[in-house]
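Undergrad: I am attaching a structure below and will ask some questions about it afterwards.
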Amino acid sequence: ARHVRLRWERPPPAPPPPAPPPSRRCPCARTNNNERCCNKSNIAKMLRKLLLLGAMAAAMAQDGGLYAEYARAREARPAQRGEMLKTAGWFGLGFGISHLWARAAKRKLRKDHKETLRRYAQALLEANGQVQQLSNELYQRQIDDLEQDYSEFKAPDSNGDDQITKPEFMAYMRQYVASQPGLSLSDFPTFEEWDLNSNGKVTFKEWQ
């Protein structure tokens with residue numbers, strides 16, 4: 001058997017540890033006067049804070065400063081909000097009243113329109129009744145006049161043939177004038193004036 005000689009190798013060295021973070025201590029910590037230096041640094045910080053507070057106080061005390069303006073705006077904000085709410089309330093009240101008024105006006109206009117239509121229909125009915133009454137009266141008057149004319153026409157017609165001859169006319173006129181004293185035949189139209197077509201006979205149409 002052949003023997004194999006193993007060789008031992010050294011492991012690589014470990015990496016160095018990370019450097020510690022820089023110390024926040026006073027840079028004079030390595031010196032002998034560290035306490036005195038730290039006291040000076042603290043005093044400087046306090047002075048800077050005091051100066052900053054003084055500047056802020058001066059700005060707050062100044063009338064025209066930003067903080068005063070902000071404070072005044074903040075104080076006036078509730079009043080402005082109240083004015084806005086008051087304005088919105090008045091606007092809403094006015095809108096509601098105008099809406100109610102418009103609805104009432106529309107309802108009144110519709111009611112007046114219906115009333116006008118009713119009166120117009122009633123007036124038409126009354127006018128129609130009056131026209132019908134006048135038409136009936138006129139028709140009745142025409143009938144009465146026609147009947148009166150026909151009765152006057154039938155008075156000279158002795159034979160009843162709806163025609164008046166000259167002998168019938170003259171006989172009737174002599175009888176009528178004799179019953180009316182003070183009248184003569186010359187006061188009445190002659191037979192020729194009634195006989196429009198000159199045929200020797202007078203019809204009811206010519207008599208009218």
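Our numbering is plain: 1 for the first residue shown, then up by one each step along the chain.
Glycine too: its Cβ is placed from the backbone N, Cα and C atoms.
Automatic, uncurated: that is what TrEMBL annotation is.
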Undergrad: For the record in TrEMBL, which of the ranges 1-24, 145-168 is the region 'Disordered' one?
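TA: Comparing 1-24, 145-168 with TrEMBL, region 'Disordered' matches 1-24.
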Undergrad: Do any residues, 6 or more residues outside the domain 'EF-hand' (191-208), come within under 8 Å Cβ-to-Cβ of it, and if so which ones?
TA: 149-150, 152-153, 162-166, 169-170
Undergrad: Reported in the order helix, strand, coil, what are the DSSP residue counts of the domain 'EF-hand' (191-208)?
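TA: For the domain 'EF-hand' (191-208), the helix, strand and coil counts are 8 helix, 2 strand, 8 coil.
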